[in-house]
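Q: Please read through the structure below; I'll follow up with questions.
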Amino acid sequence: MRLAAGALLACAALGLCLAVTEKTVRWCAVNDHEASKCANFRDSMKKVLPEDGPRIICVKKASYLDCIKAIAAHEADAVTLDAGLVHEAGLTPNNLKPVVAEFYGSKENPKTFYYAVALVKKGSNFQLNELQGKKSCHTGLGRSAGWNIPIGLLYCDLPEPRKPLEKAVASFFSGSCVPCADGADFPQLCQLCPGCGCSSVQPYFGYSGAFKCLKDGLGDVAFVKQETIFENLPSKDERDQYELLCLDNTRKPVDEYEQCHLARVPSHAVVARSVDGKEDLIWELLNQAQEHFGKDKSGDFQLFSSPHGKNLLFKDSAYGFFKVPPRMDANLYLGYEYVTAVRNLREGICPDPLQDECKAVKWCALSHHERLKCDEWSVTSGGLIECESAETPEDCIAKIMNGEADAMSLDGGYVYIAGQCGLVPVLAENYESTDCKKAPEEGYLSVAVVKKSNPDINWNNLEGKKSCHTAVDRTAGWNIPMGLLYNRINHCRFDEFFRQGCAPGSQKNSSLCELCVGPSVCAPNNREGYYGYTGAFRCLVEKGDVAFVKSQTVLQNTGGRNSEPWAKDLKEEDFELLCLDGTRKPVSEAHNCHLAKAPNHAVVSRKDKAACVKQKLLDLQVEYGNTVADCSSKFCMFHSKTKDLLFRDDTKCLVDLRGKNTYEKYLGADYIKAVSNLRKCSTSRLLEACTFHKH
């Protein structure tokens, strides 16, 4: 009883215990200097924040890895990490994610990345491919610019065995300074800085330390970031004493780092738990902090500098913070190339340049029905196709970005999102021509379909009607009609404009999900009965007033062409098209009555896999394309038991893009402009994540 009473009195003295816990950010510091700055940070924020605002508690640990473990174990909440450690933090069992990113440059031109460079003294006579036997200066073991990037690039040049990695690096260079390395096991890594001190107290730790190692004549090359040069060499005369090593084995002046760098590296980020991570509270705290104590703010406390040392808690070169989009995990934040380099280092992978890597293509299938078709394709092709599953097109795009899948065919709206995420179009679906050697078709027609029995509806009086869409972010079903409506109504509240609708991919509580039938209600895949072209048309037949589809949809589902009970008795003449001038026309006159021309669906992949995907699909369509006479007895790429699985069913063949191998070239300027205008209405969390580093 006394213990309970004592606890209650303690809580009363400190304020409500639950409230303190919920509004407290426990910041992790890795040395005494960081702990001192953290205490100043805590006290300074207390002066400017309201009583119910976020509070800071400082937690000191011996290293960043200990901080990562502490956050995962709910013993701390946040720490700022180099990109290499962001990757480490994101791995199981830690499962942390970036929640706030530092940005550099200026408010007018902010950058959430920096360049990793190899800095040498002018007059030293060697190139990047001649580093063996030289002396090297690194920022720290496992850090991005100082270790992961350069060692990843040099990995296949290291002497075998390459494990342990530190031993191979020690044998490659004649001497090194690698802070945080184990000097007892790998003494050569600490030859230039005895002890390999692992904190900013040490003279050769971090960016400035690696530069000092080079400047003092200890090393021949320093692996740093471009800002390190300008921070430590303010005058051009001083900078002219140094050069950069380029990937093409040339040298350039240090001012030309954009053309001569080892890699583009994402900025340092604050990480938190993926679940119950307090990311909103952390952002509230840091956003207030940059307002009161950021760059160009007067006061005793400075967020991005410290009298105690360099780069404490945050990088001194940071200008401010951006909130990281919620969809962004560590892999999306770091990017495929960076993650691949780090993964190769971890797993000891060194590709054989003579080996044919194009053995199979892993296709991303949406939902149960697509996976069944993909599995059949995989068996039929003898394993040339492998299958990966995801619930939404965006989840598939993310899997392709991360290397968990290689390819899928997408509507133009998703091609736009995939392009913003770094993927490229590889082949286009052709719907009219079977001549697969010609250039791809110009596109198909996006139309608005209504029932003939409902004669009062026209393009100009759709407000208050019930709408049917293929899915949010798809071309004919969303981007084109909603883009046209946006230009007229000048707002994004489409769920208020239409009385009810089914637009798969909308928020579940939206009126644009009220007409959807499931079984996974409003899901952007075939588990929603009203998903896709046929689904949107069925929605019109059974519940809606207008359907936004492609011009062929009505023809493909009337006159007995679709034997399903809801469609078997439908006639083409039961439906009409809405024209933009307010008139209506028969569905056969789509060429004179449509909303816009839409780009054909296209197969997308990563740049590094594009050539393989293209060759495999062109080979496979020879055997399983429209040359197959009877799809009931043999697998057909362009035929589905339900509609439009993996590819559109009306695909005649896949065609080469003839140079239109970027999403901008493939989609065309007009379509890009239309989608860009609609972006302010976008609910795509993946698009938000993929455009984050394009500030």
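Every residue, even glycine, has its Cβ placed from backbone N, Cα and C.
Keep in mind the model is a prediction, meaning the values are calculated, not measured.
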Q: Check Swiss-Prot for me: it has ASP82, TYR114, TYR207 binding Fe(3+) 1, so pick out which one of HIS261, HIS268, HIS292, HIS308 it puts in that same site.
A: HIS268
Q: From the candidates ASP406, ASP411, ASP495, ASP569, give the one listed by Swiss-Prot for the same Fe(3+) 2 site as TYR444, TYR533, HIS601.
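A: For Fe(3+) 2, Swiss-Prot names TYR444, TYR533, HIS601; of ASP406, ASP411, ASP495, ASP569, the listed one is ASP411.
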Q: Say which of CYS156, CYS177, CYS213 is recorded by Swiss-Prot as the disulfide partner for CYS193.
A: CYS177
Q: Could you pull the disulfide partner of CYS468 out of CYS387, CYS396, CYS539, going by Swiss-Prot?
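A: Candidates were CYS387, CYS396, CYS539; Swiss-Prot matches CYS468 with CYS539.
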Q: Which of these, CYS213, CYS636, CYS653, shares a disulfide with CYS436 in Swiss-Prot?
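A: Matching partner in the record: CYS653.
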Q: Beyond the listed site residues THR139, ARG143, ALA145, GLY146, identify every same-chain residue whose Cβ lies within 8 Å of the center of their Cβ atoms for the hydrogencarbonate 1 site.
A: ASP82, GLY84, ALA116, HIS138, GLY140, SER144, TRP147, ASN148, GLY206, TYR207, ALA210, PHE223, VAL224, LYS225
Q: What is the nearest of the recorded positions ARG143, CYS364, CYS374, CYS468, ASN509 to CYS579 (disulfide bond), using the Cα of each?
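A: Among ARG143, CYS364, CYS374, CYS468, ASN509, CYS468.
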Q: Which residue, of the recorded positions THR139, SER389, ASN509, SER682, has its CB surrounded by the fewest other CB atoms within 10 A?
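A: Each of the recorded positions THR139, SER389, ASN509, SER682 was scored; lowest Cβ tally within 10 Å is ASN509.
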Q: Using a Cβ cut-off under 8 Å and a sequence separation of 6 or more, which residues in the same chain sit near CYS502 (disulfide bond)?
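A: In sequence order, SER467, CYS468, HIS469, LEU512, CYS513, GLU514, LEU515, CYS516, VAL517, CYS522, GLU528, TYR530, GLY535, ALA536, CYS539, LYS543, GLY544 meet the Cβ cut-off.
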Q: Among the disulfide-bonded residues CYS387, CYS396, CYS593, point out the residue whose Cβ has the most other Cβ atoms within 10 Å, with all shown protein chains included in the count.
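A: For the disulfide-bonded residues CYS387, CYS396, CYS593, the Cβ with the most other Cβ atoms within 10 Å is CYS396.
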Q: Please determine which of the disulfide-bonded residues listed here (CYS190, CYS193, CYS198, CYS513, CYS539) has the lowest count of neighbouring CB atoms within 10 Å.
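A: It is CYS198 that, of the disulfide-bonded residues CYS190, CYS193, CYS198, CYS513, CYS539, has the fewest other Cβ atoms within 10 Å.
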Q: Express the distance between the Cα positions of CYS137 (disulfide bond) and ALA145 (hydrogencarbonate 1 binding site) as a whole number of Å.
A: 11
